[in-house]
Amino acid sequence: MAPSSYNYTSPQDMWYVLIGIPGLEDVHSWISIPICFMYIVATVGNLFLIFLIVTEQRLHEPMYLFLSMLALADVLLATSTAPKMLAIFWFHSVNISFGSCVSQMFFIHFIFVAESAILLAMAFDRYVAICHPLRYTAILTSSAIGKIGIAAVVRSFIICFPLIFLVHRLIYCGRNIIPHSYCEHMGIARLACDNININIIYGLTVALLSTGLDIMLIIMSYTMILCTVFQIPSWTARIKALSTCGSHICVILMFYAPAFFSFFAHRFGGKTIPHHIHILVANLYVVVPPMLNPIIYGVKTKKIQDRVILFFSPISMCC
């Protein structure tokens, strides 16, 4: 069909249909139960973690301040996706305007890139703590932590803001079915009756130069950490040093592994990976890591454990 024969639609007049998880429509109500539970746990757990860090003076250290940033990002990521997802599963509220869809797209990508930067900052914190312990307080001052947080937000905004213009510039001709539970960049772009090569190139470039670069720097940080740790003569000291990194490594794996599975499956999976598996993993990705992050740090970090016990001890005494 020639381009002139298309019935072009103004983006402002577009309404999209989010169909949830294609092929699993009959079990949407069952899938919604664990997703709802994980969303509640993620929200309550991360807000409680932020509360503990803010109110406990002993937790006003770089590691915990970065953790509070991560917890805030987790709450925002889950909240930008899960409520609409549950509305689709429970109430068949599948319609979403173009403006709302683009806004959701921006916030999802913005939070993801910011969270990646926070994980890099946490890796840098562990590197300084283990490789340069005598300079730790001099390097990671309150001012430096604030600047790192601001830099993470500004970088994420600069990277993700062009996505809004990239989807607005496209020509649309009425296709409005998004086989997903939330809006993301390529999902919107693929509905256009236009050349989306720029969108594809920009998406790949962003993934490689932001998240990909973050991963490389994290790997470098932990390589230097391991080199330093294995030069320590005492096995007890080695284990203690590595244990301080254990929770962060778990969080890194949970964050990047499903994200890159979703990224490459969306672009290169083709018929190899069933589409419903890809969408299901993408849905779980926005609630599982946010749910597990406060649990992992609560289990592996003694100072947080002590603060939780102290917080609940008056309650138990009253009861």
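Including glycine, each Cβ sits where the backbone N, Cα and C put it.
TrEMBL annotations:
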- 31-54: transmembrane segment (TRANSMEM)
- 45-297: domain 'G-protein coupled receptors family 1 profile' (DOMAIN)
- 66-92: transmembrane segment (TRANSMEM)
- 104-124: transmembrane segment (TRANSMEM)
- 145-167: transmembrane segment (TRANSMEM)
- 200-229: transmembrane segment (TRANSMEM)
- 241-265: transmembrane segment (TRANSMEM)
- 277-299: transmembrane segment (TRANSMEM)
**Complete:** Maximum Cβ pairs under 8 Å to the transmembrane segment (66-92) among 31-54, 104-124, 145-167, 200-229, 241-265 is reached by 31-54
**Asked** Roughly where does the domain 'G-protein coupled receptors family 1 profile' (45-297) sit in mean pLDDT, to the nearest integer?
**Response** 90
